[in-house]
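Scroll down for the structure; my scribbles are underneath it.
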Amino acid sequence: MGELHVTFICTGNICRSPMAEKIFAAHLERAGLADRVRVSSAGTGGWHVGDEADERTNAELRAHGYPTGHAAAVIGADHRGADLVVALDTGHERELARMGVGSDRRRLLRSFDPLADGRSVPDPYYGTQSDFVLVREQIEAAMPGLLEWVREQLGEADSRHQAGDGRYQAGGRHA
């Protein structure tokens, strides 16, 4: 399934990376690219393998019309071999480099946001719901750039068609 595989990596795969996975999958669907890109996520540690996403992650996703449903995984060969391995923070990027993921396939999520004021999406795990709001906002801000990358890889000429400004709203509308 899919011509490309994009995976998102964070620490435990219960907060940031599953949120990025669900948001990106929704944006691909709205852009008509869901059948051409496989999306996954994993954590660098196995503490939560098999667990659902953190309830605060699910609450934030639901509040903005995104799907939920997730079982945490630890990074494996399938993730390391993805066409694009997206790290949620600089520590994850360093870990991916140590695992042998080449710099040509390894990117920080925030590198897709030209207005990003930092390189890492902060870990909200020990925070409050407002920290999860910030994570969602930072993930959404990277979606137009990530969709642009996908279209370039797929050889689509007009990378802006169907993209709107990249913000997804409940009901499948772009903001």
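From the backbone N, Cα and C atoms, a Cβ is placed for every residue, glycine too.
If you look up TrEMBL, you'll see 4-149 marked as domain 'Phosphotyrosine protein phosphatase I'.
For the recorded site, Cys10 (active site, nucleophile), the DSSP three-state label reads strand. Summarising the annotation, TrEMBL assigns active site, nucleophile to Cys10.
The Cβ of Arg16 (active site) has Phe8, Cys10, Leu88, Val121, Asp123, Pro124, Val135, Ile139 as same-chain neighbours under 8 Å, each 6 or more residues away in sequence. DSSP classifies Arg16 (active site) as helix under the three-state reduction. Look at TrEMBL and you will find Arg16 tagged as active site.
For Asp123, the entry in TrEMBL reads active site, proton donor.
One residue stands out among the active-site residues Cys10, Asp123 for having the most other Cβ atoms within 10 Å of its Cβ: Cys10.
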